[in-house]
Amino acid sequence: MRPLNVQIRLGNLRHNYRILKEMHGGKLLAVVKADAYGHGAVRCAFALADLADGFAVATIDEGIRLRESGITHPIVLLEGVFEASEYEAVEQYSLWPAVGNQWQLEALLSRHWKKPVKVWLKMDSGMHRTGFFPHDYTSAYAALKQSEYVDSIVKFSHFSCADEPESGMTEIQMEAFDLGTKGLEGEESLANSAAILNIPEARRDWGRAGLALYGISPFGGSDDRLKPVMRLSTRIFGERVLQPHSPIGYGATFYTSKSTRVGLIACGYADGYPRRAPSNSPVAVDGKLTRVIGRISMDMMTIELDASQEGLGHEVELWGDTVNINTVAEAAGTIPYELMCNIKRAKFTYIE
């Protein structure tokens with residue numbers, strides 16, 4: 001059997017939730033969209049069932065999957081519905097929809113609901129994706145408030161640069177949000193992972209923990225308060241010694257500078273490892289760091305082995321405990337979200 005494995009450490013997930021909940025205060029949504037950032041939404045949700053105040057997803061299908069698996073917690077649809085007919089499923093499965101534009105608002109208000117719905121009303125405080133502009137927010141809020149079909153309204157927005165403290169953008173967005181919601185009653189939600197960790201003023205009634213929930217610092221590097229949940233590993237299935245000036249891999253982009261011991265490992269870009277990861281990207285053999293050499297192939301890659309490192313059959317960590325996923329992402333010119341969400345053709349093992 002091909003030895004590409006993903007370990008999901010559910011104990012680390014629970015640890016991270018507790019840390020983030022303590023830091024934020026109030027209530028905390030566990031963001032499990034995109035199959036819990038590649039970790040497995042159902043398994044992660046059940047691991048957090050006795051801790052989480054609620055969950056957040058991106059799509060109706062993601063919410064339905066949690067409900068049909070037995071999750072009874074509040075589930076927020078962060079993007080709301082994509083067509084008016086989806087409000088039927090919102091009601092059937094007791095989901096909390098975000099409303100971030102006029103057609104979503106009108107479709108919700110024109111429907112005859114059997115039971116009142118809790119709405120998350122989004123403001124575009126400066127990211128300019130979805131949400132009502134601050135000068136339009138009060139009228140959208142008033143329309144919902146006047147409806148007999150609306151149970152309550154959570155006011156929320158999303159930060160564009162919370163992981164870039166020096167930008168000043170988060171302060172601008174918070175000011176816009178506070179001015180636009182002045183005098184409007186109800187709960188609020190502003191803090192994503194970066195804000196939970198670093199911006200106390202953004203910690204309102206509800207936090208939304210995504211990346212940090214899975215043990216990854218949104219600021220790059222590592223955060224000693226968090227424990228990585230995902231560990232991606234494989235094994236060496238081939239080994240050889242190459243002479244100096246030997247090319248390796250497609251395009252012959254890497255040449256050995258000396259007699260070099262190399263290992264061939266079972267993971268490639270078809271498994272989700274980024275093809276653009278350059279030579280010198282870190283991996284670890286039995287806990288000792290080494291590097292990728294040559295281009296990433298579809299199904300395999302080549303690593304350098306020193307004289308002290310074991311070879312054939314030994315484990316190679318691609319990211320997890322020894323290899324920080326942020327380091328891999330930075331080397332490949334991408335972000336850890338993309339790496340985790342792209343993993344496939346791997347065996348998943350869940351560790352309680």
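Glycine is treated like the rest: Cβ placed from N, Cα and C.
Features of the protein shown, as given by Swiss-Prot:
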type: ACT_SITE; residues: Lys33; note: active site, proton acceptor
type: ACT_SITE; residues: Tyr250; note: active site, proton acceptor
type: BINDING; residues: Arg129, Met298; note: substrate binding site
type: MOD_RES; residues: Lys33; note: N6-(pyridoxal phosphate)lysine
All-chain count of other Cβ atoms within 10 Å of Arg129 (substrate binding site): 10
Whole-number Å value for how far Tyr250 (active site, proton acceptor) lies from Arg129 (substrate binding site) (Cα to Cα): 40
Between Met298 (substrate binding site) and Lys33 (active site, proton acceptor): CA-CA distance (Å): 27
